[in-house]
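Asker: Structure provided below as structure tokens; questions to follow.
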Amino acid sequence: MSSGGQREQWATRIGFIFAAVGSAVGLGNIWRFPFQVGQEGGAAFLVIYLLFIVLIGFPAMLIEFVVGRHTERNPVGALQEIGAGAWRYVGWIFIATGFVILSYYSVVAGWTIRYTLLGLQDDYIADAAEAEAQFVTLASGLDAIFLHAIFMVAVIAIVAYGIERGIELAVKVMIPAIIVIMLGLAVYVATLEGASEAYSYYLSPEWGVIAAEWQSILPAAAGQAFFTLSLGMGVMITYASYLGEDRNLAEDSAIIIGFDTAIAFVTGLIVFPVLFTAGVAPGDPGAGAIFVSLAAAFGDLTFGWLIGAIFFATVAIAALSSAISLMEVVVSYAIDELDLDRVTATLAIGGAIFLLGIPSAYDLVLLDLFDLFADQILLVLGGLLLAILVSWSLSTLAIEELERGIGDLGSLGTAWIWAVRIPVVLVLVVALVLGILDYYEFLSGDFAAWLEE
Ligand code: PHE
């Protein structure tokens with residue numbers, strides 16, 4: 001178990017909430033969300049996504065919180081404490097997922113640093129094809145490896161300082177900055193020519209789209225809800241393990257989810273007007289969206305370089321506050337279970353994650369290989385197993401833990417458990433099956449082709 005001395009704790013209530021918001025708000029909101037909306041049917045997707053956030057995300061977040069606060073352990077230790085038999089090893093999936101996600105998340109974060117610098121040098125290219133060529137050159141190779149290293153150094157530096165002096169302090173600066181800048185950008189882009197067309201695309205759903213494309217909309221919305229709330233990976237277990245007091249976890253979750261959703265929503269209010277003004281179809285070209293079409297659109301605007309630099313710098317900050325949570329999951333394990341001190345653990349793990357990220361910074365196909373595996377398989381698998389274990393065999397413990405700090409929940413407690421037992425589990429099973437099929441397709445398609453080259 002733990003090395004001597006007291007387990008660290010958050011200093012303030014707001015510190016915990018900011019840290020959880022910092023974890024949730026990241027590339028998922030600003031990079032992934034707009035292109036998911038673009039690809040999956042605009043406002044119709046937005047409606048389904050919001051529904052899943054409330055119906056699936058909220059109950060699932062509470063599960064992680066009660067496990068963390070109850071055990072006061074890292075995810076591996078927590079699962080060893082509450083699980084029996086093979087369930088004792090589920091925590092390992094979380095650690096592995098954190099390791100893999102951070103390795104390529106840091107590479108993408110490195111791109112955001114590069115695109116901040118491009119803005120400052122007034123180097124966005126308005127021509128879409130050229131912008132794409134520029135992205136492909138910058139996204140892999142020595143430049144990408146170098147920026148990946150810089151980003152990892154920042155992550156290591158913050159996490160090495162610990163919960164209160166590192167993470168809590170950093171997020172208290174980062175979160176207000178993100179909120180203010182994003183709101184400011186949204187107000188500015190409202191003055192653009194394409195704004196009203198963009199709003200109606202983003203905000204008035206065409207219901208027919210849901211009927212026609214629900215098979216792809218549902219899993220995409222569920223996956224996005226999990227990813228954006230940092231669920232399925234033990235982040236919320238870890239962060240709740242540093243809570244000493246009995247607080248109202250349901251209220252905290254609602255606040256965290258509210259902030260995360262608001263930032264994603266505002267991102268749409270920024271991205272779509274810029275794209276519509278530049279005449280770019282939302283959803284093109286998928287994962288490259290903000291680095292290709294959006295950057296090209298910035299290249300087209302007066303003062304686009306400045307808006308772009310501010311935008312990408314904000315994305316980099318948001319990515320940093322998420323990356324420290326991914327790192328903390330692995331570090332908390334090393335401190336609790338391997339008896340390492342924080343600085344040694346952070347340096348060793350950060351170094352290893354940097355090395356694991358090199359392939360992703362070397363070739364985009366390898367980044368996809370890691371991203372799809374972690375995102376669509378590991379994350380969903382971890383979340384699913386935890387949901388099954390806690391809702392089906394530890395429901396009394398879970399309800400009691402949630403009631404600490406709230407008081408008697410009555411039938412609401414049971415309603416929560418049943419929301420996890422069937423809807424959450426079902427959605428995750430479907431997402432997992434689709435994720436595995438998709439991964440198989442990737443392995444036999446793009447990846448096989450890459451190997452042959
Ligand atoms: N929620 C983060 C984002 O939206 C990503 C993340 C996933 C962070 C899982 C931690 C754990 O970018």
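Cβ from N, Cα, C; glycine included.
According to TrEMBL, the record shows the following:
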TRANSMEM  12-31  transmembrane segment
TRANSMEM  43-68  transmembrane segment
TRANSMEM  89-113  transmembrane segment
TRANSMEM  145-163  transmembrane segment
TRANSMEM  175-196  transmembrane segment
TRANSMEM  216-242  transmembrane segment
TRANSMEM  254-276  transmembrane segment
TRANSMEM  288-308  transmembrane segment
TRANSMEM  315-335  transmembrane segment
TRANSMEM  347-370  transmembrane segment
TRANSMEM  377-395  transmembrane segment
TRANSMEM  415-437  transmembrane segment
Asker: Looking only at residues six or more beyond either end of the transmembrane segment (89-113), which have a C-beta under 8 A from one in the stretch?
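Answerer: Residues 26-27, 31, 74-80, 83, 138-139, 144, 146-148, 150-152, 155, 232-235, 237, 291, 312-313, 315-316, 319-320, 322-323, 326-327, 329-330, 333, 349, 352-354, 356-357, 360-361, 367, 370-371, 373-375, 378-379, 381-382, 385-386, 389.
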Asker: What residues in the same chain, six or more past the boundaries of the transmembrane segment (415-437), come closer than 8 Å to it by Cβ-Cβ distance?
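Answerer: For the transmembrane segment (415-437), the nonlocal Cβ contacts are 52, 55-56, 59-60, 62-63, 218-219, 222-223, 226, 372, 375-377, 380-381, 383-384, 387-388, 390-392, 395, 398-399, 402, 409.
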Asker: Taking the transmembrane segment (377-395) as the first stretch and the transmembrane segment (43-68) as the second, find out whether 3 or more Cβ pairs fall under 8 Å, excluding pairs closer than 6 in sequence.
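Answerer: Yes, these stretches are in contact.
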Asker: Do the transmembrane segment (315-335) and the transmembrane segment (145-163) share at least 3 Cβ pairs under 8 Å, sequence separation 6 or more?
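Answerer: Result for the transmembrane segment (315-335) with the transmembrane segment (145-163) is yes.
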Asker: Do any residues, 6 or more residues outside the transmembrane segment (43-68), come within under 8 Å Cβ-to-Cβ of it, and if so which ones?
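Answerer: Residues 36-37, 78, 82, 201-207, 209-210, 217-218, 220-222, 224-226, 229, 231-232, 234-241, 243, 249-250, 252-254, 256-257, 261, 268, 383, 386-387, 390-391, 397-398, 401-402, 416, 419-420, 423-424, 427 contact the transmembrane segment (43-68) from elsewhere in the chain.
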Asker: Report the listed stretch (145-163, 216-242, 288-308) having the maximum count of Cβ pairs within less than 8 Å of the transmembrane segment (175-196).
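Answerer: Result: 288-308.
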Asker: Near the transmembrane segment (288-308), which residues from the same chain, at least 6 beyond its ends, have a CB less than 8 A from one of its CBs?
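Answerer: Residues 30-31, 34-35, 38, 111, 115, 118-128, 131-132, 134-135, 139, 185, 188-189, 192, 271, 274-275, 277-278, 280, 315 contact the transmembrane segment (288-308) from elsewhere in the chain.
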Asker: Quick test of the contact rule: Cβ under 8 Å, at least six residues beyond the ends. What residues does that give for the transmembrane segment (216-242)?
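Answerer: Contacts of the transmembrane segment (216-242) (Cβ under 8 Å, skipping residues fewer than 6 from its ends): 7-10, 16, 19-20, 23-24, 26, 28-29, 32-33, 36, 39-41, 44-45, 48-49, 51-53, 56-57, 60-61, 64-69, 71-75, 78, 91, 94-95, 97-98, 101, 163, 209-210, 249, 256-257, 260, 264, 322, 325-326, 328-329, 332, 375-376, 379-384, 386, 427-428, 430-431, 434-435.
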